[in-house]
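*Asks:* A single structure is presented below for examination.
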Amino acid sequence: MAAKMATMVALVFGLALLLSAAAPAAAQNCGCQDGYCCSQWGYCGTTEAYCGQGCQSGPCWGSGGEAAAGMAGRKAGAGAGVSVESVVTEAFFNGIKNQAPNGCAGKSFYTRQSFLNAARSYSGFANDRTNDDSKREIAAFFAHVTHETGHMCYINEINGANMDYCDKSNKQWPCQPGKKYYGRGPLQISWNFNYGPAGKNIGFDGLRDPDKVAQDPTISFKTALWFWMNNVHQVMSQGFGATIRAINGALECNGKNPGAVNARVNYYKDYCRQFGVSPGGNLYC
């Protein structure tokens, strides 16, 4: 009996060591910053899609104790940051949209309410630092939206149907026959490797039905916020220039398209002025 007990103790101890070694490895591979969850798909975020079922590391929901309590607070709208609704007023939103020509398809498509509906699914947006930082993040988001859509004029990328945005080497999110993954929505999400996981997170088949982004305004804003939270949000502390690099750096930064960079910066500075905050440093890329 003593021998069997010793064997069982050894097995339990060995299993504990194995599990303790596995957890840091998962966190290291995902690389999320503090306060963010690593989803089962390897993306960082703070909503249920990241911190719920399949969460690999970070303050996963159901992990208990302080982490779970903190996440519950964020779900309820507590914590740092400002009320997005109080900053993105009807006057601010329509002030952008009204600069687009009357014949623009986006003018009747994009609405403040659809943005607010989408923002409720991404509680980490503009909600994890100071009030001024939150306002700067909102200003940055809408600066890029303004530039990408021509003051919310465009829903679909100009001549996008003639472009090839299929990365055939990506086997996880394979392109579907007859489907096009050109830019759609507020941030003009493109490529199969973005449509696939965005749809998975939001709740539609992004690979088989990419046109959904141009048909449902709330889903359209959700894809923009999904992209933002996974690719841009984490660099906001580095200045607006870092957000340009995250969105379109390969085509605009390092002198490749100074006109586009200047346009984005000017929109950002204008929106910061409207929100009563300084734009901060490192504005260019």
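Glycine is no exception: its Cβ is also placed from the backbone N, Cα and C atoms.
As listed in Swiss-Prot for this protein:
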- GLU148: active site, proton donor (ACT_SITE)
- CYS30-CYS38: disulfide bond (DISULFID)
- CYS32-CYS44: disulfide bond (DISULFID)
- CYS37-CYS51: disulfide bond (DISULFID)
- CYS55-CYS60: disulfide bond (DISULFID)
- CYS104-CYS153: disulfide bond (DISULFID)
- CYS166-CYS175: disulfide bond (DISULFID)
- CYS253-CYS285: disulfide bond (DISULFID)
- 28-62: domain 'Chitin-binding type-1' (DOMAIN)
- 1-27: signal peptide (SIGNAL)
*Asks:* Mind telling me which of the disulfide-bonded residues CYS153, CYS166 has the densest Cβ neighbourhood, counting other Cβ atoms within 10 Å?
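*Replies:* For the disulfide-bonded residues CYS153, CYS166, the Cβ with the most other Cβ atoms within 10 Å is CYS153.
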*Asks:* Test of understanding: give the count of other CB atoms lying within 10 angstroms of the CB of CYS38 (disulfide bond).
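*Replies:* Its Cβ shell of radius 10 Å holds 24 other Cβ atoms.
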*Asks:* What is the Cβ neighbour count of CYS37 (disulfide bond) at a 10 Å cut-off, with all protein chains included?
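*Replies:* If we count other Cβ atoms within 10 Å of CYS37 (disulfide bond), we arrive at 28.
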*Asks:* In whole Å, note down how far the CA of the residue listed as 'active site, proton donor' lies from the CA of CYS253 (disulfide bond).
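*Replies:* With the alpha carbons as reference points, the distance is 16 Å.
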*Asks:* Which three-state DSSP class does CYS166 (disulfide bond) fall into?
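*Replies:* The three-state answer is coil.
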*Asks:* Measuring Cα to Cα, how far is CYS55 (disulfide bond) from CYS37 (disulfide bond) in Å?
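*Replies:* Between the Cα atoms of CYS55 (disulfide bond) and CYS37 (disulfide bond), the distance comes to 7 Å.
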*Asks:* Near CYS37 (disulfide bond), meaning Cα within 10 Å, which of CYS44, CYS104, CYS153, CYS166, CYS175, CYS285 (disulfide-bonded residues)?
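*Replies:* Checking each Cα against CYS37 (disulfide bond), the hits are CYS44.
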*Asks:* Rounded to a whole angstrom, what is the C-alpha distance between the residue listed as 'active site, proton donor' and CYS104 (disulfide bond)?
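*Replies:* Here the two Cα atoms lie 14 Å apart.
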